[in-house]
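Undergrad: The divalent metal cation 1 binding site annotation in TrEMBL covers 26, 28, 169, 298. What TrEMBL records for 169, 201, 230 is divalent metal cation 2 binding site.
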Ligand SMILES: [Zn+2]
């Protein structure tokens, strides 16, 4: 464990934290999202069968989960390689690739992409949401799950010697299921042993992030080394957001580039625009949380790649950063969000 202390663990081995550079803290380079397929609106079945035409691009942005083909990001490794080279060119250094067990983590591909592009890639240990837990996973004891997660970090995962550098994204829904609670507690135990970073996918309810923090804390987790993902679709009220921020986790806005009218997984939610996301970041900075903000795109479907008319992995660097500067976030604060905060989070204690 002392070997890991003070280092960041990438798929190519340990690196000095100062080498990371600008970091997206929640992305996917290869995965399957078939677990979350959502049937297309009535009458749109034919479009869903053959969506990758210019005239269907708007439909695809509005209904990304209603087309099986669109959910197979793992088929686009060549396009992702190109994207990563563009990301480097745009000033990017590191990507946290937090695909976990249940959505087709592919560590050899991550290692190859890191080698081919020079982008540092940090892989994720642990398990996604309940509907992707196998019967075997559901039957495992907390201790067994802890051992597996620890081993994925110390020795390698999925039968490879490629080691994970972060626990998560650990998937939870709302309400949080028994199996998800067990995985959360195992993640906290593993974090206590390893001093490593953790990242959480909360359920779609404003109360979900705080409930996850409570479970992690009770199991000995280190909230100051934990990222709460997807806040942009979870907590909308400013007062509630500040209440949650007080708990001390990193606050992640990671759906940059996603602008859709009807969010199929929770129709109550009005998915914010990128402008609204930047506004929320400026609010959090003003309230003193500049050391706790991290950002990403959470690319998990094909249509978000530039190959298919999407925004790609460089959208934040190219389009969002100038907007942040225009909305009163200073260059120094931008650098904290993109470089310093991810670095501190990813460094093993
Ligand atoms: Zn994700």
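Including glycine, each Cβ sits where the backbone N, Cα and C put it.
What TrEMBL says about a protein is an automatic prediction, not a curated fact.
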Undergrad: If you count, for each of the binding-site residues 26, 28, 201, the other Cβ atoms lying within 10 Å of its Cβ, which residue has the minimum?
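TA: Comparing Cβ neighbours within 10 Å for the binding-site residues 26, 28, 201, 201 has the fewest.
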Undergrad: So which of the binding-site residues 169, 230, 298 sit close to ligand 1, that is, with a CB under 6 Å from an atom of it?
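TA: Checked binding-site residues vs ligand 1; flagged 169, 298.
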Undergrad: Show, in sequence order, which residues other than 26, 28, 169, 298 on the same chain lie with their Cβ within 8 Å of the centre of the Cβ atoms of the divalent metal cation 1 site.
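TA: Going along the sequence, the neighbours appear as 27, 96, 97, 98, 99, 199, 201, 229, 254, 296, 299, 300.
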Undergrad: What are the sequence-distant neighbours of residue 298 (divalent metal cation 1 binding site), meaning same chain, six or more residues apart, C-beta distance under 8 angstroms?
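TA: 26, 27, 28, 229, 230, 254, 255, 258 - these are the non-local Cβ neighbours of residue 298 (divalent metal cation 1 binding site), listed in sequence order.
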Undergrad: What Cα-Cα separation, expressed in whole Å, is found between residue 201 (divalent metal cation 2 binding site) and residue 169 (divalent metal cation 1 binding site)?
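TA: If we compare the Cα positions of residue 201 (divalent metal cation 2 binding site) and residue 169 (divalent metal cation 1 binding site), the gap is 6 Å.
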Undergrad: So around the divalent metal cation 2 site, 169, 201, 230 aside, which residues have their CB within 8 A of the centroid of those CB atoms?
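TA: Nearby residues not in the site list: 26, 98, 168, 170, 171, 199, 200, 202, 229, 254, 298.
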Undergrad: Look at each of the binding-site residues, 169, 230, and point out the one with the fewest other Cβ atoms around it within 10 Å.
TA: 230
Undergrad: According to DSSP, folded down to helix, strand and coil, what is residue 298 (divalent metal cation 1 binding site)?
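TA: Coil, per DSSP.
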